[in-house]
C-alpha cells in the first residue's frame with residue numbers, strides 16, 4: 001500500500017538525517033539546527049501518513065457499514081416473526097410482489113444530528129422570529145397596537161364543529177363499511193355455490209356505499225355549509241385519504257381471500273378489525289396486517305413535533321399576511337395583463353417556495369412522524385433526499401414516498417399487470433393523470449372556484465419535465481435547474497390562485513352557466 005511506502009520513505013529520510021558523529025565520537029554544535037529540522041520533517045511525514053491511513057480506513061468502514069446495513073435489512077425481513085398470524089402476511093408480500101416495510105428513521109431526524117444542518121434549521125427559526133417582530137412593529141406604527149391579530153386563522157378554520165361531525169361519519173363508514181362488506185363476501189365466497197353472483201352483489205354494494213359516503217357526502221358538506229378554505233381542505237383531503245386507504249385494504253384483502261383454500265369446517269383467513277383500525281391511523285397508504293413496530297413511545301418527541309406543526313402554521317400565517325395579501329390585494333385592482341402576471345409570478349416565487357418547504361416539513365415530516373411515534377410505527381421513510389435530485393423523475397419519486405407508493409403499486413404496477421408488462425410510458429402517463437386530477441379536485445373544492453392551474457402543471461409541464469429531465473441527468477447543473485423550476489412553479493401557483501381569489505371577490509359570478517363556472521374571473525374582471 002502507499003501508506004507503508006510513505007512510512008518507509010520517512011524512515012529512510014530520517015535515518016540519513018540523524019546526527020552524524022565526528023571521528024572522535026562527539027557531535028558538532030551546528031548539528032542542533034539540523035536535528036530540529038529533521039524532527040519537524042518527521043512530524044510532517046507522520047501527519048501525512050496518519051491522514052492517508054485514516055482516509056483508507058474510513059473508505060473501508062463505509063463500504064463495510066453499507067454492506068452490513070443491507071444484509072441486516074434483508075435478514076430482518078426474512079427472520080422477524082412477532083405474531084403467529086404474521087406468517088400469512090409475509091408469505092403473501094414477498095419483496096418482489098409489493099412494498100416491504102423495514103424499521104428506519106426519517107432522513108431529517110438523522111440530518112439534524114449534524115451541527116451544520118441544524119444551523120440551517122436555526123436560521124428558519126430566526127426568520128420566524130423576524131416575521132413576528134416585523135408584524136408587531138408595523139401594527140404598532142400603523143395602528144398603535146402591539147398584539148398579533150389572527151383573524152385570518154379564525155376565518156380559515158371556521159365551522160370546525162361541522163368539520164368534526166362530517167369527519168366522524170366518514171371515518172365510521174371507512175372503518176366499518178368496507179370491512180364488513182368484504183367479511184360477509186369472504187365467508188360466502190367459499191361456502192356458497194353462487195360465487196359469481198355473490199361477488200357481483202358485493203362489488204355493487206361496495207361501489208354504491210363508497211360513492212355515497214366517500215364521494216357525494218363530503219362534496220355536499222363542503223358546498224351546502226359553505227365552509228371556509230382550511231375547513232374545506234380538511235374535509236376534502238380526509239376524503240381522499242379514506243378513499244386511498246379503503247382501496248388499499250380492498251386491493252390487498254381480495255386476492256388473499258380468492259387464493260386461500262380453507263379446510264372443510266374452517267373459516268377463511270380474514271384480517272382482524274384491529275389491524276384495519278391501526279392501518280387507518282398509521283402513516284402509510286399500503287395495507288399490511290402487521291408492520292415493524294418500535295418497543296416504546298417517546299412522548300417528548302410527539303410533543304415536540306406537534307409544537308413544530310403549530311409553528312409551521314404561524315409561519316404560513318406570517319408569509320400570507322406580510323408577503324402575499326398586501327401585494328395581491330393591490331394587484332387585484334389592476335387589469336389582467338402579461339406585465340401583471342410576470343410581476344406577480346416573480347414576486348410570489350419566494351413566498352411560494354417557503355410555503356412548499358413548510359408543507360413538506362410540517363406535514364411530511366412533523367405530522368407523519370408524530371403519528372408514527374404514537375403508533376410505534378417503525379418505518380419512517382415518508383420522503384427521501386428530494387432536494388438533491390438532478391432530475392424531475394427522481395424528485396417525483398422522493399418528494400412524497402407515502403403517496404408515490406400508492407400510485408406506483410396500484411396505478412403503475414396494476415396497469416402493467418393488465419397489459420402484460422407492456423406500455424410503460426402509458427402507465428407513467430396514467431399515474432400523472434390520476435395525480436393531476438386529484439390535485440385539481442382538491443384545489444377546486446378547497447378554494448371554491450375552478451382554475452385548472454394544478455392540472456396543467458401536473459399533466460402538462462410535469463409530464464414534459466419527467467421525460468426531459470430523466471434519471472440520466474447527473475450534473476449539479478441539473479439540480480440548479482430543478483430548484484429554479486420549483487421556484488418559478490410555486491410563483492405561478494401562488495400568484496394565479498391569489499389573483500383569482502381576489503377577482504372572485506371583486507367580480508362575483510352573475511350566473512350559473514357552465515362557461516360562467518369554468519372561466520377564470522381574473523381574465524375577464526373589470527375593476528373599474
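Here the Cβ of each residue, glycine as well, is placed from N, Cα and C on the backbone.
In TrEMBL, the annotation transmembrane segment applies to 480-503, one of the ranges 480-503, 504-527. Looking at 277-298, 299-320, 365-386, the range annotated in TrEMBL as transmembrane segment turns out to be 299-320. Range annotated as transmembrane segment by TrEMBL, chosen from 76-97, 98-119, 120-141: 120-141. Here the transmembrane segment (153-176) has long-range neighbours at 209, 213-214, 217-218, 221, 225, 227-231, 234-235, 238-239, 242, 245-246, 273, 276-277, 280, 313, 317, meaning same-chain residues at least 6 beyond its ends whose C-beta is under 8 angstroms from one of its own. The transmembrane segment (299-320) and the transmembrane segment (423-443) are not in contact, since fewer than 3 Cβ pairs between them lie under 8 Å (pairs 6 or more apart in sequence). Listed as Cβ neighbours of the transmembrane segment (197-220) (distance under 8 Å, sequence separation of 6 or more from its ends, same chain) are residues 166, 169-170, 173-174, 177-178, 181-182, 184-185, 188-189, 235-236, 238-239, 242-243, 246, 250, 445.
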